[in-house]
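If you check TrEMBL, you get these features:
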type	residues	note
ACT_SITE	Glu163	active site, proton donor
ACT_SITE	Glu351	active site, nucleophile
BINDING	Gln17, His118, Asn162, Tyr291, Trp392, Glu399, Trp400	substrate binding site
Amino acid sequence: MPFPARFRWGVATAAYQIEGAAAEDGRGDSVWDVFCREPGRVRDGHTGDVACDHYHRWPEDVALMAGLGVDAYRFSIAWPRVQPDGRGAAEPRGLDFYDRLVDALLERGITPFPTLFHWDLPQALEDRGGWMNREVAHRFAEYAALVAGRLADRVEHWITLNEPVVVTAFGYALGIHAPGRTLLLDAMPTAHHQLLGHGLAVTALREQGARQVGLTNHYSPAWAADETSEADRRAAAAFDVFMNRLYTESVLRGRYPDLSVLGDLDPASFVRDGDLAVIGAPVDFLGVNYYNPTRVKAPGPGDPLPFEIAPIEEYPTTGMGWPIVPDAFLGLLRTLRETYPDALPPIYVTENGCTFGDSIHDEERIDFLARHIDAVHRAVDEGVDVRGYFVWSLLDNFEWAEGYHARFGLVHVDYDTQRRTPKDSYAWYRDHIARSRGQVTG
Ligand code: BGC
């Protein structure tokens, strides 16, 4: 069976990872600007100050997308460009940038899929506690309304949050990402407040005329290290709640899974009456980001978390050391359908991709993408309603704590000259899209 006719092929990026121009046109500091300035946080002291200079070179980048023939582009809007202090009136120059980008995309027949929050929280809000502070959820909805007020006449698809679990786990629990806090399980209110912000934003966006609203979650299937060990199975189930189910069950069913599996946690201290009804407001699609499964074992004595991560050694890995397991992707898509048969909206795969050194002859990336797209294809054949697939990423870019060392792009970026060079995978994806159009039916 071919892919359905209206299946959308796309590429994805995020503001802080590509834009640069960190101090231009009134943009305020985000938590990532501040984090990057702290010695030792990001590899080799790299920052997003210049990144891919997309803020100035966006016409070239849109042309690269047009050359690929993509149907859709997922990018993110930098909250601190729109509200430098995270509140109040919009900075018009910030909105102008996205306005021009949207028009250029539409002229090329590329459907915009903006994400409102891809981790660059205005530092002014972090100074008030960031996502630990419930008030930030309300600020987020106001910001969403400002952006949609400007763009929803042309933008149909909206993604509220990118991967709230990563913000909670890496940003607030473990301190690997901005804002670098190490609260461990005390970080859990940040998950709730992001989800609350999502729910409030869904309503705010619809009020401004947004027609298709969803959120993007990061999914990693949890494998018990030893299937015969009850302790390992319990740890894997806890990881599954922490990583996957918390963000799915709440949004799709308006309830949390049993959070007591995570340990000594008092949800009543941060969840208020009515919150879950807000969080469970119907969405039009679910964004799924998939990179790899995670092997989980029982925690050691005194471990503050209810699970430990164990290596997966029997599969080849990407440049990040992440195991390459396309079958786990198929398994994930099946699991979503089986777990939420009546509640699962259409899915967009909003990110999938890999790093492998910096050669433009990237056979391994082609193989990775082909095998993961095949997994999506099989899921579609089995009846999972997947409507699109976005490669992470269009360009090599600022890979968070890894700085510029990890290159995920279909297009190589020379950071000294900002020269863009399409890799072999770019040509492959272009041909794949063209072929799949040639085959489409119905
Ligand atoms: C994030 C991207 C990131 C990618 C590769 C995802 O978790 O949304 O921003 O670059 O993974 O690590």
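Positions of Cβ are set from backbone N, Cα and C atoms, glycine also.
TrEMBL: automatically predicted annotations, no manual curation.
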Euclidean distance between Cα atoms of Glu351 (active site, nucleophile) and Tyr291 (substrate binding site), Å
8
Just the number: how many Å between the Cα atoms of His118 (substrate binding site) and the residue listed as 'active site, proton donor'?
8
Restricting to the record's substrate-binding residues (Gln17, His118, Asn162, Tyr291, Trp392, Glu399, Trp400), give me the longest CA-CA distance in Å as a whole number.
18
Extra residues within 8 Å (Cβ to Cβ centroid of Gln17, His118, Asn162, Tyr291, Trp392, Glu399, Trp400), substrate:
Ala14, Trp119, Glu351, Ser393, Asn397, Phe408
Taking the Cβ of Trp392 (substrate binding site) as the centre, how many other Cβ atoms fall within a 10 Å radius?
23
My understanding is the cutoff is Cβ-Cβ under 8 Å with a sequence separation of 6 or more in the same chain; which residues meet that for Gln17 (substrate binding site)?
Gly48, Ala51, Cys52, His118, Ser393, Asn397, Phe398, Glu399, Trp400
May I ask you to report the DSSP-based helix, strand or coil state of Tyr291 (substrate binding site)?
coil
Cβ-based isolation winner (fewest other Cβ atoms within 10 Å) among the recorded positions Glu163, Glu351, Glu399:
Glu399
Of Asn162, Glu163, Trp392, which is closest to Glu351 (active site, nucleophile) if I measure between C-alpha atoms? They're all recorded positions.
Trp392
